[in-house]
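Q: Here's a structure for you.
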Amino acid sequence: MQIDGKQYLSVWFENERVKMIDQNKLPFEFRIAEYSNYLEICDAIREMTVRGAPAIGAAGAYAIALAAQNAPEEKFRAYLRTARDELIATRPTAIDLRNGVNYVYEQTIKFIPDYRHSRQVAILAAREFAKKSIDDCYQIGKIGSEIVPQGARILTHCNAGALATVDWGTALAVIRIAHQQNKDIFVYVDETRPRFQGARLTAFELEQEGIPHTIITDSASGFYFWKKEIDLVITGADRICLNGDIANKIGTYEKAVLAKEHKVPFYVAAPFSTFDLTTKEGADIPIEIRDEDEIKRINGTYLANPGSPALNPSFDITPAKLITGIITPKGIFKPKDAARQVQI
Ligand SMILES: CSC[C@H]1O[C@H](OP(=O)(O)O)[C@H](O)[C@@H]1O
């Protein structure tokens, strides 16, 4: 992604350290955070310094590579197993995290007790996972742009951009490439309470690339559907089940219901690292419940009644029946057929 004319990835491995754009500071401050051990990356994922399903998948992959560099040889496998389990436990919903961590873990332990080779393979495997994510997201953008009509007004929710992946994005990869194809698109950006990934991160990415857009409150989208100002909805996903149900940022489900009511196509864009072939349907996906203070406070200042409790599920489930198609690196598929593409 271009930031002030310079090319960046959201997360990368350099000089034996994992580096990432601090997404909690954007768009007000551009800061690169860097870590030398996997425990710091566990905190970074929990605190959403890095966030977005494919981005935390890559961060987890690099964290295992870092663990392999630091693991004492006398307990190499046990140290890596602990790192794997602690990283996967940081955020339960996005399946890319488990997929990225497990991929590098499995590749690395194959070479024990050749510890030097294991350490080299760990870094190569993590870099391979991240590079495949970038390539998959670019393909998603190219394939997805085919369903974007000229002059389309597109609603998107949360941030499914380059910041939520390693580069390009998923929903925003489609939007970026449609813009590059001069399709004259306009984007309605849901602010996405309570952490404002839309108002802060999606709006930042779109402004950086000169893509016309407006921020709206989450509750305003219904009004723009009613005004017939939304032609298409494209979101990302955090987990896609065997039957095509998806988990995505809280508020996605209601956009899908509105889209159905107003006969507007609702697409989900995701790489294959977001598919979970071990989960049959959406009801089986663990939903991350985050701290109530994310709702009640901003930067420590209360904006809600301090004495009242708040419920803060970070994701919801959108059933396959509300999804027009799932945009993958291999093509666009009906939800019920998408998971099969991963198996092929
Ligand atoms: C490329 S899809 C990213 C996906 O992850 C976001 O969640 P979070 O910001 O909590 O990591 C959101 O659900 C996006 O759609």
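Each residue, glycine too, has its Cβ placed from N, Cα and C.
Pasting the relevant annotations from TrEMBL:
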type	residues	note
ACT_SITE	D238	active site, proton donor
BINDING	R51, G52, A53, R91, Q197, N248, K249	substrate binding site
SITE	C158	site 'Transition state stabilizer'
Q: Measuring CB to CB from Q197 (substrate binding site), give everything in the same chain under 8 Å that is also at least six residues away in sequence.
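A: Those within reach of Q197 (substrate binding site), by Cβ under 8 Å and sequence separation of 6 or more, are R51, C158, N159, A164, K249.
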Q: Per DSSP, to which secondary structure element type does K249 (substrate binding site) belong, with helix, strand and coil as the options?
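A: Reduced to three states, the DSSP call for K249 (substrate binding site) is strand.
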Q: I need the most crowded of these binding-site residues: R51, R91, K249. Count other C-beta atoms within 10 angstroms of each C-beta and give me the top one.
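A: The largest 10 Å Cβ neighbour count belongs to K249.
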Q: Relative to the Cα of D238 (active site, proton donor), which of the binding-site residues G52, A53, R91, N248 have a Cα no more than 10 Å away?
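A: Correct set: G52, A53, N248.
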Q: Of R91, D238, K249, which recorded positions come close to ligand 1, meaning Cβ under 6 Å from one of its atoms?
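A: Close enough to ligand 1 are D238, K249.
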Q: Just counting, how many other CB atoms are there within 10 A of the CB of A53 (substrate binding site)?
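A: Result for A53 (substrate binding site): 30 other Cβ atoms within 10 Å.
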Q: Enter the number of other CB atoms within 10 angstroms of the CB of C158 (site 'Transition state stabilizer').
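A: I count 29 other Cβ atoms within 10 Å of it.
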Q: For the recorded substrate site formed by R51, G52, A53, R91, Q197, N248, K249, name the remaining residues of the chain with Cβ within 8 Å of the site's Cβ center, in chain order.
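A: Near the substrate site, beyond R51, G52, A53, R91, Q197, N248, K249, sit I56, A94, C158, N159, A160, A164, G236, D238, S314, F315.
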